[in-house]
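The annotation active site, proton acceptor is assigned in Swiss-Prot to TYR224. Positions annotated as FAD binding site by Swiss-Prot, on the basis of experimental evidence: LEU15, GLY16, GLU35, GLN119, LEU143, ASP308. Annotation comment: Swiss-Prot describes GLY317 as aklavinone binding site, evidence class experimental evidence.
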Amino acid sequence: MNDHEVDVLVVGAGLGGLSTAMFLARQGVRVLVVERRPGLSPYPRAAGQNPRTMELLRIGGVADEVVRADDIRGTQGDFVIRLAESVRGEILRTVSESFDDMVAATEPCTPAGWAMLSQDKLEPILLAQARKHGGAIRFGTRLLSFRQHDDDAGAGVTARLAGPDGEYDLRAGYLVGADGNRSLVRESLGIGRYGHGTLTHMVGVIFDADLSGIMEPGTTGWYYLHHPEFKGTFGPTDRPDRHTLFVEYDPDEGERPEDFTPQRCVELIGLALDAPEVKPELVDIQGWEMAARIAERWREGRVFLAGDAAKVTPPTGGMSGNAAVADGFDLAWKLAAVLQGQAGAGLLDTYEDERKVAAELVVAEALAIYAQRMAPHMAEVWDKSVGYPETLLGFRYRSSAVLATDDDPARVENPLTPSGRPGFRGPHVLVSRHGERLSTVDLFGDGWTLLAGELGADWVAAAEAVSAELGVPVRAYRVGAGLTDPESAVSERYGIGKAGASLVRPDGIVAWRTDEAAADAAQTLEGVLRRVLDR
């Protein structure tokens, strides 16, 4: 890789930035990440990977490694979610009795499961995979400024960077600002934000302690604490003896993070556990703001926003880090398609069209969960929730990269009864291929996928011809010809009948479908791909 020229420059090595880099590198794109810190964050922060994220990480080739590294599920027992006065005190409400409750809600919708890996364990996996495929990272390197241009050398972005050896310019085709809530990239572009704003202020305490005598045997979990002296949360990390306590404070009452001295934090831990005899070893104490904000624009020319730079999500529901991974995947497959000549630049407009609306769903759901579990006075946000499974797996994309055939304004559908309509995830159907049992979802990724009904041989032939003509990878499968559908569910759930076909994007989203044969299938399919790829 040229030290001063790359295809894509990513600013920020959090989940959004590293996901973008990993998915780009896997597609052969020259990508560089710059991170102002000397290394990745050592703190747990966001934890948990939902099934949609695991679907994407399967495509990225790291899902199995994530599951193997999941120490919370692997060694710390079952996972409960409760509202309580304290960990050993009165239980006010049980949200989930077991990890199996969460699995049961989504298992019929996807072949991917859940994982509970914390951010400090996931980020090194993403970075290693990015490096394996040629991606690079420069720690201790700050973005100072950038400018977009279209000159004799072509269109691009020139970034001024400051690294260990001084300042220098780096030229990139595109720049991705994944530099967090206080994004320099976003602020430099003058992009405002909207949303609920600040919800509360919290102090996070990470501590080590043996709580085997405190927790229920064979159980760990997340506790929303409504203690007479404070309100906050308690939860585990990947390390069995490392835990987190988050306590709310009120600046309007003169409270400050500095008030949470080590002695005070030890007292609060004792109250949270209802176990003053515990002697915790404090690892870190940090103040932070819980907020809900979404950037008004996610793209400005050749510059994009991803992760917390694009939206700040309350941590309730564990969706913030997952949304960052989804941002990275969406942006990566579209940038790669444009850079490799498979798509026109108009495809990049669909990043904001799709991910911004998805962010609104995620933020609304996280707000509703926060209100239900921590702030009942915020009942007005409850009705903005569309449901947790619907937010994760039933969302709908609307953009020029989706050729919808209906005018249904609904933003989501029940993922337990998927429609297979354009804009939604391709439904999970168990099939067999070459004697191997798998899901239709396992067929997606690393290019486009066409699923044809039993009488859809012409669509399969068309996919092969159009793929060669346009230089766009399209893998085609036909029910009854190498793809066995024992429940006869593919045609129904994908809405393609016996003679039709469904075209699925690299991210598993249905781009187009028909339930009929075509007089000239190749011409029809080529027209579809040209439209969705802005060719």
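Just so you know, glycine gets a Cβ as well, placed from its N, Cα and C.
Overlay of Swiss-Prot annotations on the structure.
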residue: LEU15; record: FAD binding site; contacts (Cβ under 8 Å, 6+ apart): ALA46, GLN119, LEU122, GLU123, LEU126, GLY307, GLY321, ALA324, VAL325, GLY328
residue: GLY16; record: FAD binding site; contacts (Cβ under 8 Å, 6+ apart): ALA178, ALA306, GLY307, ASP308, ALA309, ALA310, ALA324, VAL325, ASP327, GLY328
residue: GLU35; record: FAD binding site; contacts (Cβ under 8 Å, 6+ apart): GLY12, ALA13, GLY17, ILE137, ARG138, PHE139, GLY140, THR141
residue: LEU143; record: FAD binding site; contacts (Cβ under 8 Å, 6+ apart): VAL11, VAL34, ARG36, ALA159, ARG160, LEU161, ASP179, LEU184, VAL185
residue: TYR224; record: active site, proton acceptor; contacts (Cβ under 8 Å, 6+ apart): ILE81, ARG82, LEU83, ALA84, THR233, ARG373, MET374
residue: GLY317; record: aklavinone binding site; contacts (Cβ under 8 Å, 6+ apart): GLU365, ALA366, ILE369, TYR388
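ASP308 (FAD binding site): 27 other CB atoms within 10 A of its CB, across all protein chains. Across the residues the record lists as binding FAD (LEU15, GLY16, GLU35, GLN119, LEU143, ASP308), the two Cα atoms farthest apart are 23 Å from each other. A helical conformation is recorded for ASP308 (FAD binding site) in the three-state DSSP classification.
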